[in-house]
Each structure stands twice: as structure tokens, then as C-alpha cells.
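Database features (TrEMBL):
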type: DOMAIN; residues: 477-675; note: domain 'STAS'
type: REGION; residues: 536-570; note: region 'Disordered'
type: TRANSMEM; residues: 49-76; note: transmembrane segment
type: TRANSMEM; residues: 130-157; note: transmembrane segment
type: TRANSMEM; residues: 211-230; note: transmembrane segment
type: TRANSMEM; residues: 242-259; note: transmembrane segment
type: TRANSMEM; residues: 295-315; note: transmembrane segment
type: TRANSMEM; residues: 327-351; note: transmembrane segment
type: TRANSMEM; residues: 363-380; note: transmembrane segment
type: TRANSMEM; residues: 424-453; note: transmembrane segment
Amino acid sequence: RCSASTAKSLLFRFLPFLHWLPRYPVKDWLLGDIASGFSVGIMHLPQGLAYALLAGLPPVTGLYSSFYPVFLYFFFGTSRHNSVGPFAVISVMIGSVTESLLPSENFLESVNGSNATVNEARRDAARVELVATITVLTGIFQVALGLLQFGFVVTYLSDPLVRGYTTAASVHVLVSQLKNVFGVSLGEHSGPLSLFMTFIEICQKLPQTNVGTLVTAIIAMVAIFIVKELNHKFAAKLPMPIPIELITIIVSTGISYGVNLNAKFGISVVGNIPSGLKPPVVPNVSYFGQVVGNAFAIAVVGYAICISLGKIFALKHGYKVDSNQELIALGLCNFLGGFFQCFAISCSMSRSLVQESTGGNSQVAGVIASLVILVTILKIGELFRDLPKAILSAIIIINLKGMFKQFNDLHTLWKSNRVDLMVWIVTFVATLMLNLDIGLGASVAFGLLTVIFRTQLPHYSILGRISDTDVYRDVAEYQMAQEVPGVKIFRSSSTLYFANVELYAEALKKKSGINVDRLIEKKKKALKKLKKQQKKVEKEAKKKKVLPCRRGPLREARSPSLPQDMEDGHNGPGVAVIELSGAEGSTPPEPTLRTLGLPQPGFHAVILDFSPVSFVDTVSVKILKNIFRDFHEIEVDVFVAGCPVPVLTQLERGNFFSSAITKHYFFPSVHDAVV
């Protein structure tokens, strides 16, 4: 029974639809899911074609990517409102790989000895094979991370980092589509600064602009923009958004076919779109070594966008999204989709919002949307061969509006958090300058550096007691908090580790109000001088014992007297006289700061509040030992309060405790230590 129960729970976990589908409220949800699925399916058609162009692939691959992964997500996904499928940022990341590894220059062929032209059929076939391999590898990464419960890996992509990255990616998308808007042909640039090289080349070729292409793109952009604004303004009154993208594609295809825009005005069109589904093809594993870094970056970014959208909708509608299962679901969609010539997918904000606003309640809406695309692939797709590419570029550019609104983050972050603002700006600039793959790595590295920077410079404070309570607060921030006489209570807002523990020790000594190191140095000098004087006294005493007396036997000294200069008080600066005991063999008392004539601290105890400390390392253990030793040298006891049990265990393993430092110095709370 136990094994059967475990198998059942695993089955429900990896196939969530088995859990929710039997409980699906048909009467309440089905109609809304059908309407929502149809609306999203209509959006999938133009966006699939457009984002395939963005990835440098034949348009039909965009339709495949809008069908297979969307259908598969029904079985594995846990978000009811996420619309998976082609996404601009992921598409441009794929496009940068195809252009760098398989540039068009590799497929130049001369026809009858004339100028060389690009063999587009060979190029497209090679790129489809490459992208299918990237997609499968992306899926492998996502599934592996999900099975290993590594869904938390996305936490290294903070919200400012993701928003800065997607904004920069939108600039890449915009620049990449300008060639289709102006109707000019460009060389393919890859690597750092490729964005700027592409933009410069576009500016240089502006005199070669195809006016017909430019006019087509401008008219389409204006029409799509106006209708989208009307959709937004009258969203409450419209049963579903006006499918302006689909209308634009249908109308422009009809005009292009009727007027023959390609032949008369040189307006570039999509070309042949094969109908029907292709059999699965095994990816070319020889590409794995070349694209492993890009695949991992696509896997992480795609998941980050997907899970962030999923959590927004889950919070709004009161259900839970399993982050690890979402990673597995996205990975399976990519892995299986790669065998059917799909490119890597994620979630689209615009489609997800439409799915929610038009009555979508579950993953059934995604199945309906995928069926709309299936009909298109089987019967309708081939009708769009005369669709101008400028129309697809117009759709892509207008859909970037939401991304470009993220520039408003600069104003918000300036007011709320300057470090997050720096993360946003550095991510944006690095992604523009270094391209999408290297830019992501540099951005994550900078984001982690800011965490280290913040832990290196925490807030240090001296705590005081609020009268008649056992509450202790920063005396600099709370007027009612008063320092406990003779006790310094020190607190850091961060944990202790190798990067900040020395700063912790310095801040403690500074906050104590006394130069500890200087006082220890003075004590050592005084002890050294005292030791010399004691040796001198002992030496003179021995001489007196062995000197013969003229009038009798050896004279014994009952108590060795001090030299005359010491008796007169000429003992040197800061050195007190310690009189030796008359008893033979007795040890002199331990010299103190007072007997040495040195200043004494105005407190007798230091309490370290360890409640914010979550872990310690070997370096911090050594520095803590030094803190105990140094304060002991100036006759101040050190106590630790509120130390978590795991930290106490780490201290034990680090050989922190000894005969000089025992657990008697540790207390469960600051108040216990004070008492």
C-alpha cells in the first residue's frame, strides 16, 4: 500500500492534469476556456510567424512552436493562466546564435557565374537543425534542474536584473527588425558590440531604403498601435480584444497577393509555408559543445519569465504554482518540441493577459489555442506565402511597447533602492554591449557582487535597554534606549564570513570608544620594561648575596631593595613600581592596567548580539577568537547572546571553544547576558 501511494503521488506530481482534470467544473469553466483559447490561438498565429523571423528561421517553425509546446503544457504545467509559446526575448537569443554559428555568408552560391546569392533553402535547413538541437539541450537543462529541485536557481535573477535584461533584449529585437522595416539587406554581426555595428550599417544603408516596404510597415504599425490602445481602453466593454494582428496579416496578405507587391515594389515576403506536420527528427548532438552555454542561458531566462508570470496569476486567483514542476513542464515542452523543429519557448505576458481577461480558467484554454494553430498548420498556413515580412516586423515592434515601459523602473528605483538601480543599469548596458549570452553572465556576476558588497558594509550599532523592559535597541535611533553601565552591547545587521568579519572586528573596537590595539601595544611595552627592571633587581640581589663582608660572614638580604633611581620615582614613563615579596620563591602578582599606570576602559563587559548571524566560516572563527583574546588583554569580558544552534555547532566544529573560551560565555538572549 505504501509503494502504491508513493507511485500515485509521484504520478500526480509529474502529471498534474490527473489531479485537476477529474475535478474540472465543466459548467462554470468550459465556455470561458473555449473563448479564451480561441482568442489566444488567434494571437499565436501572427506572433508565431513573427518570432520565427526574429529567430532567423522559416515562418512555419513559429507555427510548430505555437502548437507542440502549448499542447504538451496541458499535461505537465501547473499555471492555469500562463500562455506558453514563442517569446520575443527567447527568439532574439536564439537568433543571435543562428547568426553567429550559421551566418548567411556560409551559404553563398554563384548561379551561372553571376553574383553569388544565398541559398536560403540550405541555410534554413541548417539553422532549423541547429535550433532544434539548442531547444532539446535547453529542455534537458530545465528538466534536470527541476528533478534536482533546483527551481531556486532563478532566485539569482533578481527582478531588477530580469527587467533590465528584457529591456535590453527588446532593444536588440528592435534593431534586428529595422532591416525589414526599411527593406535593406545587412551583413550578420555577432559577439560583443554587434548591436551597434548592425545599427551603424542600417544608418549607412538608409539611402537604399525600399519606400514600399517602409510605407507598409508604418501603416501596419499605426493601425496595430491604435487598435491595441482601443482594446486597452475599452477592455471592460469588449467581449474579447479585437484581433488586429490577425486582421492585419489577412488584409496585407490579400493586398500583397492581389497587387503582387513582391514583383512590382520589391517588398520581401514570407515565401512558401509547407502544410502538414513533420515527422520527428533526432537532433544533431555534435552541436552540443558549441551551444551548451547559450542553451543554459535560454533555459534560465525562459524559466525566470515563466515562473514570475505564473506566480503573479496564482497570487491573484488564489492557487499555487509548483516552481520545480513548472521547470520540468517547460523543459519537457522544449525537449519534445525540439524533435519536431520547434524553437525554445517561454511565456508571453500579452497572450497570458488575454487568456486571463477573456475568461480563461485552466490549461484547457491552451489546448483550444493549440488546436487553432493545428488547423492553421494543416490547412491555412500555405495561404500566407505572400505575407510581407514588414508586417511581421511591425507586429514584433508594437508588441515591444510593454517591454519599453520598463524604462519607468529607473525613476522608481532611484527613489526606492539605488543598489537595485545599479543592477538594472549595469544589466541593461552589459546586455547591449556584450550581447545577450555574455551580458546575462556579466549581469548575474554583478548582481551577486552587490550582495557581497551589502554584507561587507552592514549596519553596526551599540544597543541600549529601554527602561523597565528586556528590550534592547540601537541607542543612535531610539531615544528611550540607554546603554547599560559598564556593558557594551554590539550588533551587526549581517552574518559573519570571510569577506566582512575583519570589518566586524574593527567596527566593534571603534564602537567601544577605546583604541583597543593601542592599549594592548602600550601594555606590552610596559610589561617588557617592567620585566627588564625585575631582571635588574634580581641580578643586583644576587650580587649582594655573594659579596664578602669585611667584618663578618656573608650578609643576607631579607628583602631585596629596589635600585635608588626606582625608589626616587625615576621609573620611566607609564611604568609603576611593583614591590617584590619578601618570601623566597613566591610569584609576583599579575600586573594589571591599573598597576601599570595605563588607562582602563569605561566598561567591563562586551556582549555580541549574534541573532542576525546565520553561519560562520573558518576565517570568522579565527577572528572571533582574536576578539576574545584582545578584550581579555584589556581586562574586558566578552559574551555572546542569541547565537543560533547551527552557528554554535559550526563554532564547535571549528575548534572555537577552549579552556579560555567556554560555553559559559554564551547566553540565549541579550537580556540574559546583561543580567
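Just so you know, glycine gets a Cβ as well, placed from its N, Cα and C.
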Selected stretch (most C-beta pairs under 8 A with the transmembrane segment (295-315)) from 49-76, 211-230, 242-259, 363-380, 424-453: 424-453
Cβ contacts under 8 Å made by the transmembrane segment (424-453) with residues that lie 6+ beyond its boundaries: 92-93, 96-97, 156-158, 160-161, 163-165, 167-169, 171-172, 190-195, 293-294, 297, 300-301, 409-410, 413, 499
Folded-back contacts onto the transmembrane segment (363-380), same chain, C-beta under 8 angstroms, at least six residues removed: 17, 24, 29-30, 32-34, 36-38, 40-42, 44-45, 48, 60, 63-64, 66-68, 70-71, 73-74, 77, 79-80, 83-84, 275-277, 355
Positions on the same chain near the transmembrane segment (327-351), where near means CB under 8 A and six or more residues out: 14, 40, 43-44, 47, 52, 55, 57, 61-62, 64-65, 68-69, 72-73, 76-78, 82-87, 89-91, 94, 128, 131-147, 150-151, 277-278, 280-283, 298-299, 301-303, 305-307, 309-310, 399, 402
For the transmembrane segment (242-259), distant same-chain residues with Cβ under 8 A (at least six beyond the ends): 39, 42-43, 45-47, 49, 216, 220, 223-224, 227-228, 230-231, 267, 269, 383-384, 386-388, 391, 394-395
Taken over the domain 'STAS' (477-675), the model's mean pLDDT: 81
